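Marked as transmembrane segment by TrEMBL: 12-29, 35-53, 74-91, 106-128, 140-160, 180-201.
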Amino acid sequence: MSQKSLKRIIKLTFIFLLVMEIVSCGMMLANQDFLGASCHGLLFLVFLGLGFHSHRNLAKLESSNRRLISPVRLEEAIILCYLLLDMISIHDCDHMRQAMGWNYHFTLQVLLVNLIVYVPSWLAIILLSKDRMSGIGATIVSGVLIGGAFLKVHLLGPWIKVWGPWNRTFFALGVDSLSWWILAWTAIIGVFVSMGSMYILGSERQRIKDQDNR
């Protein structure tokens, strides 16, 4: 795939993430959950700032002749990060849909715990935008971590009871098929992101090794 196409996908996945945060705010307001709406409104601004910061770093990299990660692999890794963030945001919206059905208002504790899951992928994006190989490693970890953590919480229950109603498993909550499908796809995307990042890391290591042997 060409760099132009990859850049377009990066923009689309970033915009999708912002749109999902707007949807989240709307769902919270529809449920009269003003604390939740405020938190997701703030999250929208944070995502917007982080996105522009990382895109500015990427623009600076384009003019650099000394790059550790090849441009195509770097952009592929960033797409994987945004893909995982997009899936997390969809999963979050499903929780809001469930909360609306239960007439549940999110507590500050649950909101903060929910926001933590976005941190690994954003950390990876920031590292990648600075041409750090550790950003690829962070992407590998974030995929497995998020996919595994969501399965653990919703299928077996959390170790630490800080998830409000979701301290109970999906079996106990009796969630509908849509929630099950979203959970399944969250896990699938997590595995895909980790596997894709491993491929990128392996190919970059081989490229660097080949350059050193010349």
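Positions of Cβ are set from backbone N, Cα and C atoms, glycine also.
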| Is the count of Cβ pairs under 8 Å between the transmembrane segment (180-201) and the transmembrane segment (12-29), pairs 6 or more apart in sequence, 3 or more? | no
| field | Stretch-level contact, the transmembrane segment (35-53) and the transmembrane segment (12-29), CB cutoff 8 A, at least 3 pairs | value | yes
| message | Please determine whether the transmembrane segment (140-160) and the transmembrane segment (12-29) are in contact (criterion: at least three Cβ-Cβ distances under 8 Å, sequence separation 6 or more). | response | no
| note | Per the Cβ under 8 Å criterion, with at least 6 residues separating them from its ends, the transmembrane segment (12-29) contacts 36-37, 40-41, 43-44, 47-48, 51, 55, 79, 82-83, 85-86, 89-90, 92-93, 96-97, 100, 106
| Close approaches to the transmembrane segment (74-91) from elsewhere in its chain (Cβ under 8 angstroms; 6 or more beyond its ends) | 3, 6-7, 9-10, 13-14, 16-17, 20-21, 24, 54, 58, 61, 67, 117-118, 121-122, 124-125, 128-129, 131, 135-136, 139, 142-143, 146, 150, 182-183, 185-186, 189-190, 192-193, 196-197, 200
